[in-house]
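> Pasting in a structure now, in structure tokens, and then I'll have a few things to ask.
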Amino acid sequence: MDQFENLDKHTQWGIDFLERYAKFVKERLEIEQTYAKQLRNLVKKYCPKRSKDDEPRFSSCMSFYSILNELNDYAGQREVVAEEMGHNVYGELMRYSQDLKSERKHHLQEGRKAQQYLDQCWKHMDNSKKKFERECKEAEKSQISYDRLDNDINATKSEVEKAKSQLYLRTHSADESKNEYAAQLQNFNGEQWKHFNVAIPQIFKNLQDMDERRTVKLGETYRSFAEVERRVVPIISKCLEGMVTAAKAVDQRKDSAIVVESFKSGFEPPGDFPFEDYSQNLSRTGSDNTISTPKNEGVVKPDPKHSISKAAKNKLWLFGKKPKSPPSSPPPAPHRPDLATASHCQAPKFASDPIAFCLSELRTVKPRIASFRGLKRGAPSLEDFSHLPPEQRRKRLQARIDELSKELQKEVDQRDALNKMKDVYEKNPQMGDPQSLQPKISETMCNMEKLRSEIHKNESWLSEVEGKVSTRGDRRPSADVNHHTPHGRESPEGSYTDDPSQEHRSPPHQPDPRQFDDEFDNDDPLPVLGHCKALYSFDGQNEGTLLMKEDDVLYIIEEDKGDGWTRARKQSGEEGYVPTSYVEIAMEKNSKGAVTYI
């Protein structure tokens, strides 16, 4: 019994230790939850924001996305660890702690009750002992008083009898007190033996069992703490194996093939240009007939410096040369009075000997300062993806049309929902004012019209591209349909070129006559860059344009700069602008571009 208080303290310490371990488990699972949440946020941050169809199909990208998926599964396993620890360890410990506290309280109350009962028995025994002691002292006093009166000769008989009866009563009371004291003493001794030999040992044993069960429970939760982690290890290993497999799936050849497939233009490399002899129309002199012409005399050698700079610049068209947009219709004949005047002024000089003049031009090619017309012309718009090859442009336009269609469907759904809500308000005015929805409905209708306009514009570009791609093998229309194309009528199919930067041109605009003023300041004639053959007739009624008939052969003295017009010269020396889509152009090998326009 003297260790009862120590056992009380020890059992309380055991419960406190159990709750401390439970607190440790709780903090551990909170760490797991935070870790899993941070992993999921990391995966979400680096996951593609677009749809899978818009994402690159490179194996390196796909492997990275697989790693993100495996990491997401790994985060899920960390959440499983936290959940299992919460239910199987922390929750179990807290429930057991409550049961342990109740059991400990019950055992301590039993011990205190046993001690109180023993103390009560001791008090009863002590009271009977004190009573027996008092009764004995009173009996002794009565005995002394009786003996004194019995020996006193002067005492009367009544006094002696009274003292005798008093002695008898005191003696009888003392005997009863003695018997009661003996009974209480015997009862106390029995209860005390039971207390120390039965009740208290049983209580101590219950406390010992409780403490042992607490220790066993701690051991079980220690094992559960580890088992929770061990059960997810195989799944975590699979996640890591999945990451390794994703890493092994990276294929550099496949990625390169995808790049090649995505960015190849689909055009055939330009072939060799044949030598075209312009000296066939020259009249042979007597010396020409008798003296043989050197082998290379008829071939005009271009200026090496000029030729190299032009060719080198043109080879980098994919990266450095700005693209041009295709015309959707033949350009209107511009009004150029100054251009006509300049052409007539130069005609006599060229008409005297056109072939000799062309050869001299090719020998004395010199760089010219860019005209102000080229400086005034702004960069072409890239809204229609005209800077891309045909197939790439078609894909981009189709993707944009799909995106705009989705947005249009959203607006349509929103309009339908607003109309339904408006009908509900009209039927039940207490639910809302129907007029309050009208501004939103009007805004939605406006958005729908804008989207439809954008879709129509992109579809027109797409149909133009698909028409060009499907008919690129044969660009010459029938003569009965396209002979003498009227002014303002659309061109049959537009122009085409093997150079992706030249294939698509934006609709030409009406050139400003003032833009051509600076191009005729130099009296020297422009060098011949190539020749072209007229596919259709062109009336050339506007000043600055050149009249041509079908199958006419013209000299190219200035390329199309993006406005749909090419500057040409007849053999008679007359110069002017003709629609690019009306001619078939062949550039000289030493000239800029070195490509064929059909």
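Each Cβ is built from the backbone N, Cα and C atoms, and glycine gets one as well.
Whatever TrEMBL says is automated annotation, not expert-curated.
Take a look at what TrEMBL says about it:
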COILED    394-428  coiled coil
COMPBIAS  278-295  compositional bias 'Polar residues'
COMPBIAS  325-334  compositional bias 'Pro residues'
COMPBIAS  462-492  compositional bias 'Basic and acidic residues'
COMPBIAS  501-517  compositional bias 'Basic and acidic residues'
DOMAIN    1-255  domain 'F-BAR'
DOMAIN    387-464  domain 'REM-1'
DOMAIN    527-588  domain 'SH3'
REGION    271-307  region 'Disordered'
REGION    319-340  region 'Disordered'
REGION    462-524  region 'Disordered'
> Same chain only, please: residues at least 6 beyond the ends of the coiled coil (394-428) with a C-beta under 8 Å from a C-beta of the stretch. Say none if there are none.
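Sequence-distant neighbours of the coiled coil (394-428): 54, 384-385, 388, 434, 437-438, 440-441, 444-445, 447-448, 451-452, 454-455, 458-459, 461-462, 465-466, 469.
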> Treating G and I as helix alongside H, and B as strand alongside E, what does DSSP give for the domain 'SH3' (527-588) in helix, strand and coil?
3 helix, 29 strand, 30 coil
> Per DSSP, how many helix, strand and coil residues does the domain 'REM-1' (387-464) have?
72 helix, 0 strand, 6 coil
